[in-house]
Amino acid sequence: MKLFNTLSQAKEIFTPLEDNLVRMYVCGVTPYDTTHLGHAFTYVTFDTLKRYLEFKGYTVRYVQNVTDIDDDILRKSREVGMAWDELGRKETERYLRDMDMLNVKRPDVYARATEEIPGVIEVIKGLIERGLAYVNEGCVFYSVQKDPDFGELARAIGLNNYESMLNVANERGNYPDDQRKKDPLDFVLWQAQAPGEPAWESPWGPGRPGWHIECSSMILHHLGPQIDIHGGGADLAFPHHTCEIAQSEHYTGKHPFVRFWMHVGMVYQDGEKMSKSLGNLTLISDLLKEYSADTIRLTLLSHHYRQPWECYQADLRASEKIDTLFQRLRALVGKQPEGENLALREQFVAAMDDDFNTPRAIETLHTAATDALAASDHATGAEVLRLATVLGLCV
Ligand SMILES: [Zn+2]
(Lines of atoms letter the chains of each structure in order from A and count residues from 1; the text may use other names and numbers.)
(Lines give C-alpha, C1' and ligand atoms only; values in the text may rest on other atoms or scores of the structure.)
Protein backbone atom coordinates (compact mmCIF):
# COMPACT_ATOMS: atom_id res chain seq x y z
CA MET A 1 0.00 0.00 0.00
CA LYS A 2 1.25 3.47 -0.85
CA LEU A 3 0.35 6.58 1.11
CA PHE A 4 1.26 10.19 0.40
CA ASN A 5 3.50 11.56 3.11
CA THR A 6 3.18 15.33 3.52
CA LEU A 7 6.74 15.49 4.82
CA SER A 8 8.35 13.91 1.74
CA GLN A 9 5.63 15.16 -0.65
CA ALA A 10 5.63 11.70 -2.25
CA LYS A 11 3.70 8.45 -2.19
CA GLU A 12 5.68 5.97 -0.11
CA ILE A 13 5.20 2.27 0.53
CA PHE A 14 3.49 1.85 3.86
CA THR A 15 4.93 -0.54 6.42
CA PRO A 16 4.53 -0.12 10.17
CA LEU A 17 7.53 0.30 12.46
CA GLU A 18 6.67 -2.84 14.42
CA ASP A 19 5.40 -6.06 12.77
CA ASN A 20 1.68 -5.84 12.28
CA LEU A 21 0.91 -3.02 14.67
CA VAL A 22 -0.05 0.39 13.28
CA ARG A 23 0.19 3.28 15.72
CA MET A 24 -2.12 6.05 14.55
CA TYR A 25 -2.88 9.45 16.07
CA VAL A 26 -5.33 12.05 14.78
CA CYS A 27 -5.77 15.54 16.21
CA GLY A 28 -9.24 15.71 17.67
CA VAL A 29 -11.78 18.42 18.33
CA THR A 30 -11.90 21.40 20.64
CA PRO A 31 -15.35 20.83 22.08
CA TYR A 32 -17.02 24.25 22.12
CA ASP A 33 -19.41 24.05 19.18
CA THR A 34 -21.28 21.67 16.90
CA THR A 35 -19.74 19.14 14.51
CA HIS A 36 -19.77 20.09 10.82
CA LEU A 37 -18.98 18.40 7.51
CA GLY A 38 -15.34 19.50 7.65
CA HIS A 39 -14.83 17.61 10.93
CA ALA A 40 -16.69 14.61 9.56
CA PHE A 41 -14.43 14.51 6.48
CA THR A 42 -11.37 14.14 8.71
CA TYR A 43 -12.80 11.61 11.17
CA VAL A 44 -14.63 9.49 8.59
CA THR A 45 -11.39 9.38 6.57
CA PHE A 46 -9.31 8.02 9.44
CA ASP A 47 -12.08 5.70 10.63
CA THR A 48 -12.16 4.23 7.13
CA LEU A 49 -8.36 4.02 6.99
CA LYS A 50 -8.39 2.06 10.26
CA ARG A 51 -11.07 -0.29 8.88
CA TYR A 52 -9.07 -0.79 5.70
CA LEU A 53 -5.80 -1.47 7.54
CA GLU A 54 -7.64 -4.04 9.67
CA PHE A 55 -9.08 -5.59 6.51
CA LYS A 56 -5.47 -5.97 5.33
CA GLY A 57 -4.59 -7.80 8.53
CA TYR A 58 -3.00 -5.06 10.63
CA THR A 59 -3.82 -4.31 14.24
CA VAL A 60 -4.42 -0.58 14.61
CA ARG A 61 -4.01 1.31 17.84
CA TYR A 62 -5.83 4.61 17.30
CA VAL A 63 -5.58 7.57 19.65
CA GLN A 64 -7.38 10.90 19.34
CA ASN A 65 -7.26 13.89 21.67
CA VAL A 66 -9.94 16.20 22.98
CA THR A 67 -8.66 19.71 23.68
CA ASP A 68 -11.03 20.30 26.57
CA ILE A 69 -9.33 23.46 27.80
CA ASP A 70 -8.27 26.34 25.56
CA ASP A 71 -9.02 29.97 24.68
CA ASP A 72 -12.04 29.12 22.50
CA ILE A 73 -13.70 27.08 25.24
CA LEU A 74 -13.12 29.82 27.82
CA ARG A 75 -14.47 32.50 25.46
CA LYS A 76 -17.56 30.46 24.57
CA SER A 77 -18.15 29.61 28.23
CA ARG A 78 -18.26 33.33 29.07
CA GLU A 79 -20.56 34.02 26.08
CA VAL A 80 -23.13 31.37 26.94
CA GLY A 81 -22.75 31.61 30.71
CA MET A 82 -21.88 27.94 31.19
CA ALA A 83 -18.96 26.59 33.22
CA TRP A 84 -16.02 25.77 30.89
CA ASP A 85 -15.82 22.13 32.02
CA GLU A 86 -19.54 21.58 31.66
CA LEU A 87 -19.45 23.11 28.16
CA GLY A 88 -16.52 20.84 27.23
CA ARG A 89 -18.31 17.73 28.50
CA LYS A 90 -21.56 18.62 26.76
CA GLU A 91 -19.93 19.38 23.40
CA THR A 92 -17.70 16.28 23.60
CA GLU A 93 -20.82 14.16 24.12
CA ARG A 94 -22.50 15.86 21.17
CA TYR A 95 -19.46 15.27 18.94
CA LEU A 96 -19.33 11.58 19.94
CA ARG A 97 -23.06 11.21 19.24
CA ASP A 98 -22.65 12.73 15.75
CA MET A 99 -19.72 10.42 15.01
CA ASP A 100 -21.65 7.39 16.30
CA MET A 101 -24.50 8.34 13.97
CA LEU A 102 -22.03 8.36 11.06
CA ASN A 103 -20.88 4.90 12.07
CA VAL A 104 -17.44 6.17 13.04
CA LYS A 105 -15.92 3.64 15.46
CA ARG A 106 -14.53 5.18 18.60
CA PRO A 107 -10.73 5.35 18.78
CA ASP A 108 -9.00 3.11 21.33
CA VAL A 109 -8.19 6.15 23.43
CA TYR A 110 -9.84 9.56 23.64
CA ALA A 111 -7.22 11.50 25.58
CA ARG A 112 -8.52 14.62 27.30
CA ALA A 113 -6.05 17.48 27.78
CA THR A 114 -7.17 18.12 31.37
CA GLU A 115 -6.39 14.50 32.28
CA GLU A 116 -2.87 14.59 30.82
CA ILE A 117 -1.32 17.51 32.71
CA PRO A 118 1.43 15.54 34.56
CA GLY A 119 2.74 14.14 31.26
CA VAL A 120 2.70 17.61 29.69
CA ILE A 121 4.71 19.02 32.61
CA GLU A 122 7.34 16.27 32.24
CA VAL A 123 7.88 17.02 28.55
CA ILE A 124 8.12 20.78 29.20
CA LYS A 125 10.67 20.18 31.97
CA GLY A 126 12.75 18.08 29.55
CA LEU A 127 12.65 20.79 26.88
CA ILE A 128 13.81 23.41 29.41
CA GLU A 129 16.67 21.09 30.50
CA ARG A 130 17.71 20.67 26.86
CA GLY A 131 17.91 24.46 26.47
CA LEU A 132 15.01 24.63 24.00
CA ALA A 133 12.46 26.35 26.19
CA TYR A 134 12.48 29.32 28.56
CA VAL A 135 10.32 30.61 31.39
CA ASN A 136 8.97 34.14 31.48
CA GLU A 137 6.42 35.47 33.98
CA GLY A 138 4.94 32.05 34.68
CA CYS A 139 4.73 31.07 31.00
CA VAL A 140 7.03 28.63 29.23
CA PHE A 141 7.85 29.18 25.55
CA TYR A 142 9.58 27.03 22.96
CA SER A 143 12.56 28.88 21.52
CA VAL A 144 12.56 28.58 17.75
CA GLN A 145 15.98 30.30 17.51
CA LYS A 146 17.54 27.52 19.60
CA ASP A 147 16.26 24.87 17.21
CA PRO A 148 18.03 24.81 13.83
CA ASP A 149 15.82 21.91 12.69
CA PHE A 150 12.58 23.81 13.21
CA GLY A 151 10.22 23.97 10.24
CA GLU A 152 10.89 20.80 8.22
CA LEU A 153 7.18 20.12 7.72
CA ALA A 154 6.45 23.81 7.10
CA ARG A 155 9.06 23.85 4.32
CA ALA A 156 7.52 20.71 2.81
CA ILE A 157 4.25 22.60 2.29
CA GLY A 158 6.00 25.59 0.77
CA LEU A 159 6.64 27.84 3.77
CA ASN A 160 10.30 28.23 2.94
CA ASN A 161 11.44 30.93 5.25
CA TYR A 162 10.89 32.61 8.57
CA GLU A 163 8.63 35.36 7.10
CA SER A 164 6.26 32.97 5.36
CA MET A 165 5.91 30.90 8.52
CA LEU A 166 5.24 33.97 10.60
CA ASN A 167 2.61 35.23 8.14
CA VAL A 168 0.68 31.96 8.26
CA ALA A 169 1.05 31.70 12.04
CA ASN A 170 -0.49 35.17 12.37
CA GLU A 171 -3.29 34.40 9.90
CA ARG A 172 -4.28 31.27 11.77
CA GLY A 173 -5.06 33.27 14.90
CA ASN A 174 -3.91 30.40 17.10
CA TYR A 175 -0.45 31.85 17.50
CA PRO A 176 -1.02 34.78 19.78
CA ASP A 177 1.28 37.75 19.84
CA ASP A 178 2.67 37.81 23.36
CA GLN A 179 5.14 40.37 24.71
CA ARG A 180 6.65 37.66 26.90
CA LYS A 181 8.02 35.82 23.85
CA LYS A 182 11.62 36.43 22.75
CA ASP A 183 10.76 35.76 19.12
CA PRO A 184 7.34 36.13 17.45
CA LEU A 185 7.59 32.54 16.15
CA ASP A 186 8.15 31.09 19.65
CA PHE A 187 5.10 29.22 20.88
CA VAL A 188 3.63 28.66 24.30
CA LEU A 189 4.14 25.37 26.13
CA TRP A 190 2.69 26.48 29.44
CA GLN A 191 0.23 29.37 29.69
CA ALA A 192 0.29 31.27 32.99
CA GLN A 193 -3.09 31.65 34.66
CA ALA A 194 -5.01 34.80 33.75
CA PRO A 195 -7.46 36.25 36.31
CA GLY A 196 -10.61 34.17 36.51
CA GLU A 197 -9.29 31.30 34.40
CA PRO A 198 -8.96 27.68 35.57
CA ALA A 199 -5.42 26.55 36.35
CA TRP A 200 -3.30 23.57 37.33
CA GLU A 201 -0.18 23.60 39.51
CA SER A 202 3.20 23.43 37.80
CA PRO A 203 6.88 24.16 38.62
CA TRP A 204 6.37 27.55 36.87
CA GLY A 205 3.23 28.50 38.75
CA PRO A 206 -0.48 27.89 38.10
CA GLY A 207 -1.53 27.69 34.47
CA ARG A 208 -2.58 25.37 31.66
CA PRO A 209 -0.90 23.54 28.76
CA GLY A 210 -0.41 25.07 25.33
CA TRP A 211 -2.20 23.34 22.48
CA HIS A 212 0.80 21.90 20.60
CA ILE A 213 2.41 20.29 23.65
CA GLU A 214 -0.80 18.46 24.45
CA CYS A 215 -0.53 16.28 21.33
CA SER A 216 3.22 15.59 21.74
CA SER A 217 2.71 14.49 25.32
CA MET A 218 -0.36 12.34 24.61
CA ILE A 219 1.34 10.55 21.71
CA LEU A 220 4.33 9.74 23.92
CA HIS A 221 2.03 8.56 26.71
CA HIS A 222 -0.37 6.41 24.67
CA LEU A 223 1.66 5.35 21.63
CA GLY A 224 5.37 5.87 22.36
CA PRO A 225 8.15 8.06 20.91
CA GLN A 226 7.56 7.08 17.27
CA ILE A 227 4.30 6.46 15.45
CA ASP A 228 3.30 5.26 11.99
CA ILE A 229 0.50 7.63 10.99
CA HIS A 230 -0.34 11.12 12.23
CA GLY A 231 -3.41 12.70 10.73
CA GLY A 232 -5.35 15.90 10.86
CA GLY A 233 -6.85 18.66 8.74
CA ALA A 234 -4.55 20.28 6.16
CA ASP A 235 -4.59 23.53 8.12
CA LEU A 236 -2.79 21.79 11.00
CA ALA A 237 0.46 21.06 9.12
CA PHE A 238 1.72 24.46 10.19
CA PRO A 239 2.01 25.61 12.87
CA HIS A 240 0.50 22.77 14.92
CA HIS A 241 2.21 19.70 13.48
CA THR A 242 5.47 21.54 12.79
CA CYS A 243 5.56 22.44 16.50
CA GLU A 244 4.68 18.87 17.50
CA ILE A 245 7.70 17.54 15.57
CA ALA A 246 10.02 20.07 17.23
CA GLN A 247 8.83 19.24 20.74
CA SER A 248 8.67 15.47 20.34
CA GLU A 249 11.94 14.89 18.49
CA HIS A 250 13.95 17.10 20.84
CA TYR A 251 12.39 15.55 23.91
CA THR A 252 12.80 11.89 22.90
CA GLY A 253 15.83 12.21 20.60
CA LYS A 254 14.02 9.91 18.13
CA HIS A 255 13.67 10.76 14.45
CA PRO A 256 11.29 10.55 12.73
CA PHE A 257 8.60 11.16 15.30
CA VAL A 258 6.00 10.31 12.63
CA ARG A 259 6.56 8.06 9.61
CA PHE A 260 3.51 9.14 7.59
CA TRP A 261 1.95 12.57 7.88
CA MET A 262 -1.53 12.51 6.36
CA HIS A 263 -3.47 15.73 5.86
CA VAL A 264 -7.12 15.93 4.92
CA GLY A 265 -8.32 18.65 2.54
CA MET A 266 -10.59 21.44 3.65
CA VAL A 267 -14.31 21.40 2.89
CA TYR A 268 -15.60 24.61 1.33
CA GLN A 269 -19.02 26.07 1.04
CA ASP A 270 -19.79 29.04 -1.18
CA GLY A 271 -16.09 29.27 -1.97
CA GLU A 272 -15.02 29.63 1.65
CA LYS A 273 -13.50 27.16 4.04
CA MET A 274 -16.12 25.66 6.31
CA SER A 275 -15.40 26.82 9.83
CA LYS A 276 -17.08 27.90 12.98
CA SER A 277 -15.66 31.39 12.85
CA LEU A 278 -16.98 31.97 9.31
CA GLY A 279 -20.44 30.67 10.22
CA ASN A 280 -20.85 28.65 6.99
CA LEU A 281 -21.30 25.21 8.44
CA THR A 282 -23.19 22.20 7.28
CA LEU A 283 -23.95 20.57 10.59
CA ILE A 284 -23.95 16.79 10.78
CA SER A 285 -27.03 16.81 12.99
CA ASP A 286 -28.93 18.81 10.31
CA LEU A 287 -27.70 16.64 7.42
CA LEU A 288 -28.82 13.51 9.26
CA LYS A 289 -32.40 14.81 9.28
CA GLU A 290 -32.40 14.67 5.47
CA TYR A 291 -29.93 11.93 4.54
CA SER A 292 -28.92 8.52 5.83
CA ALA A 293 -25.55 8.06 7.51
CA ASP A 294 -24.44 5.91 4.55
CA THR A 295 -25.34 8.68 2.09
CA ILE A 296 -23.25 11.17 4.07
CA ARG A 297 -20.33 8.73 4.36
CA LEU A 298 -20.52 7.99 0.62
CA THR A 299 -20.48 11.72 -0.12
CA LEU A 300 -17.40 12.25 2.03
CA LEU A 301 -15.51 9.23 0.71
CA SER A 302 -16.38 10.13 -2.90
CA HIS A 303 -13.75 12.86 -2.49
CA HIS A 304 -10.09 11.94 -2.25
CA TYR A 305 -8.95 12.75 1.28
CA ARG A 306 -6.18 15.12 0.19
CA GLN A 307 -8.34 17.24 -2.11
CA PRO A 308 -10.17 20.30 -0.91
CA TRP A 309 -13.77 20.26 -2.14
CA GLU A 310 -16.97 22.19 -2.07
CA CYS A 311 -20.14 20.59 -0.76
CA TYR A 312 -23.15 20.62 -3.11
CA GLN A 313 -26.60 19.10 -2.64
CA ALA A 314 -26.03 17.33 -5.96
CA ASP A 315 -23.17 15.32 -4.37
CA LEU A 316 -25.51 14.15 -1.63
CA ARG A 317 -28.24 13.22 -4.14
CA ALA A 318 -25.76 11.21 -6.23
CA SER A 319 -24.57 9.34 -3.13
CA GLU A 320 -28.18 8.69 -2.13
CA LYS A 321 -28.63 6.78 -5.41
CA ILE A 322 -25.63 4.56 -4.66
CA ASP A 323 -26.96 4.00 -1.13
CA THR A 324 -30.31 2.87 -2.62
CA LEU A 325 -28.47 0.56 -5.01
CA PHE A 326 -26.65 -1.10 -2.10
CA GLN A 327 -29.96 -1.55 -0.28
CA ARG A 328 -31.47 -3.25 -3.32
CA LEU A 329 -28.43 -5.48 -3.45
CA ARG A 330 -28.96 -6.39 0.20
CA ALA A 331 -32.53 -7.38 -0.64
CA LEU A 332 -31.24 -9.50 -3.53
CA VAL A 333 -28.56 -11.45 -1.64
CA GLY A 334 -30.13 -11.59 1.82
CA LYS A 335 -28.64 -11.03 5.26
CA GLN A 336 -25.97 -13.74 5.06
CA PRO A 337 -24.66 -13.33 1.54
CA GLU A 338 -22.58 -16.12 0.09
CA GLY A 339 -20.12 -16.26 -2.78
CA GLU A 340 -17.27 -14.03 -3.81
CA ASN A 341 -15.79 -12.16 -6.75
CA LEU A 342 -12.01 -12.08 -6.50
CA ALA A 343 -11.49 -9.88 -9.57
CA LEU A 344 -13.71 -7.22 -8.00
CA ARG A 345 -11.86 -7.49 -4.69
CA GLU A 346 -8.55 -7.02 -6.51
CA GLN A 347 -9.82 -3.87 -8.23
CA PHE A 348 -11.05 -2.48 -4.93
CA VAL A 349 -7.75 -3.20 -3.16
CA ALA A 350 -5.75 -1.68 -6.05
CA ALA A 351 -7.71 1.57 -5.66
CA MET A 352 -7.38 1.66 -1.89
CA ASP A 353 -3.68 0.76 -1.98
CA ASP A 354 -3.05 3.73 -4.26
CA ASP A 355 -2.91 6.45 -1.60
CA PHE A 356 -6.28 5.43 -0.17
CA ASN A 357 -8.24 6.26 -3.29
CA THR A 358 -11.77 5.89 -1.90
CA PRO A 359 -13.49 7.70 -4.83
CA ARG A 360 -12.11 5.08 -7.23
CA ALA A 361 -13.04 2.26 -4.83
CA ILE A 362 -16.63 3.57 -4.60
CA GLU A 363 -16.86 3.91 -8.37
CA THR A 364 -15.72 0.28 -8.69
CA LEU A 365 -18.40 -0.88 -6.23
CA HIS A 366 -21.05 1.30 -7.89
CA THR A 367 -20.43 -0.26 -11.31
CA ALA A 368 -20.30 -3.78 -9.87
CA ALA A 369 -23.53 -3.23 -7.91
CA THR A 370 -25.34 -2.04 -11.05
CA ASP A 371 -24.14 -5.08 -13.02
CA ALA A 372 -24.91 -7.53 -10.19
CA LEU A 373 -28.47 -6.24 -9.92
CA ALA A 374 -29.03 -6.39 -13.68
CA ALA A 375 -27.75 -9.98 -13.85
CA SER A 376 -29.06 -11.16 -10.43
CA ASP A 377 -25.44 -12.09 -9.73
CA HIS A 378 -25.48 -13.11 -6.05
CA ALA A 379 -21.74 -13.74 -5.70
CA THR A 380 -20.79 -10.30 -7.01
CA GLY A 381 -23.56 -8.73 -4.91
CA ALA A 382 -22.16 -10.42 -1.81
CA GLU A 383 -18.66 -9.17 -2.62
CA VAL A 384 -19.88 -5.58 -3.13
CA LEU A 385 -21.57 -5.58 0.27
CA ARG A 386 -18.54 -7.14 1.94
CA LEU A 387 -16.24 -4.45 0.51
CA ALA A 388 -18.75 -1.71 1.32
CA THR A 389 -18.48 -2.65 5.00
CA VAL A 390 -14.73 -2.00 4.77
CA LEU A 391 -15.73 1.59 3.96
CA GLY A 392 -18.01 1.60 7.00
CA LEU A 393 -21.14 1.29 4.83
CA CYS A 394 -23.99 -1.26 4.86
CA VAL A 395 -23.13 -2.46 8.36
ZN1 LIG B 1 -2.63 17.80 17.53
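Each Cβ is built from the backbone N, Cα and C atoms, and glycine gets one as well.
Given the structure is predicted, the values throughout are model-derived calculations rather than measurements.
The Zn(2+) binding site annotation in TrEMBL covers Cys27, Cys215, His240, Glu244. The Cβ of Cys215 (Zn(2+) binding site) lies under 8 Å from the Cβ of Tyr25, Cys27, Asn65, His240, Glu244, each on the same chain and at least six residues away in sequence.
Residues 66-68, 70, 72-73, 75-77, 87-92, 94-95, 98-99, 233, 266-267, 273-276, 281-285, 287, 300, 311 of the same chain, all 6+ positions outside the motif ''HIGH' region' (29-39), place their C-beta atoms under 8 angstroms from a C-beta of that stretch. Feature annotation from TrEMBL assigns motif ''HIGH' region' to 29-39.
Sequence annotations record features per position, and here TrEMBL assigns motif ''KMSKS' region' to 273-277.
Per TrEMBL, ATP binding site is recorded for Lys276.
The domain 'Cysteinyl-tRNA synthetase class Ia DALR' annotation in TrEMBL covers 347-393. Regional average pLDDT for the domain 'Cysteinyl-tRNA synthetase class Ia DALR' (347-393) in the model is 97.
The Cβ of His240 (Zn(2+) binding site) has 20 neighbouring Cβ atoms from other residues within 10 Å, across all protein chains displayed.
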